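Straight from TrEMBL, the features:
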- GLU108: active site, nucleophile (ACT_SITE)
- GLU112: active site, proton donor (ACT_SITE)
- 9-222: domain 'GH16' (DOMAIN)
- ASN116: N-linked glycosylation site (CARBOHYD)
- 1-26: signal peptide (SIGNAL)
Amino acid sequence: MKNFHTTLLIFFTGFVSSSLFQVSVASIVSTGDFNKDFFVIWSPTHVNTSSDGHTRSLILDQESGSGFASNQMFLFGQIDMQIKLVPADSAGTVLAYYLTSDQPNRDEIDFEFLGNVSGQPYILQTNIFADGTDNREERIYLWFDPTKDFHSYSVLWNMHQIVLMVDMIPIRVYRNHADKGVAFPRWQPMSLKATLWNGDSWATRGGQDKIDWTKGPFIASFRNYKIDACVWKGNPRFCRAASPTNWWNVNSLASVPNRYK
């Protein structure tokens, strides 16, 4: 009987250790190297990366836009990216920085920076897709010139809510009211993407201001990103659990925490 108990204890300990290991490997802190964490999804000739991999630029001209995406997909976590937007006359350009599941009934969390005529404030449009439906666009004017220096744009996404932040200041909160029949992104893993493209049919003053290609090429730059999220391994329960690894799911983050206020 003693040997049986010993065997059972070893089995149980091994099972728990294995489970904890599976949870722990589900979270990642990014390397900081764009070449290691991302791949180019659109026009490699229009994507420039520094020799150390720490900075990346997207280019838009009459030939093409450009874009990149994360190698991994995630279900909950926090993602931060420092971005410097297209300077000067950027009317008609759109820089999108977003999470997306790329499914027919996709989930998506969007930052869209809408280009402007020189001297006008930049508009940041946010949107949230859940189960394939959107119509949740909101716009704000950025209170600084986002073309002069890099600023941080962040998403905190957990079981309770989505918090969109600029320089760690919350600008939008979308709470989980799935229990009341309101769709919320909570089942589909999403990859992180960034694209720079021609949106002059709608982006600036409803499409009245078109891209002036003589002012191009248009360039947006990225650096100092951090991905602290649950890497998708095929089982959502590892990502939905509240644990020291999945710190974003703890109850204290069911509302906007003080550190983000």
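Any Cβ shown, glycine's included, is placed from N, Cα and C.
What you see is a predicted model, and the numbers here were worked out from it, not measured in a lab.
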Within 10 A of the CB of the residue listed as 'active site, proton donor', the number of other CB atoms across every chain shown is 19
Sequence-ordered list of residues in the chain of the residue listed as 'N-linked glycosylation site' that lie 6 or more positions away and have a Cβ within less than 8 Å of its Cβ, or none, is ASP89, SER90, ALA91, TYR122, ILE123, THR204, ASP209
Compile a sequence-ordered list of residues in the same chain as the residue listed as 'active site, nucleophile', six or more apart from it, whose Cβ lies below 8 A from its Cβ; state 'none' when nothing qualifies.
TYR98, LEU99, THR100, SER101, ASN127, ILE128, PHE129, ASP134, PRO185, MET190
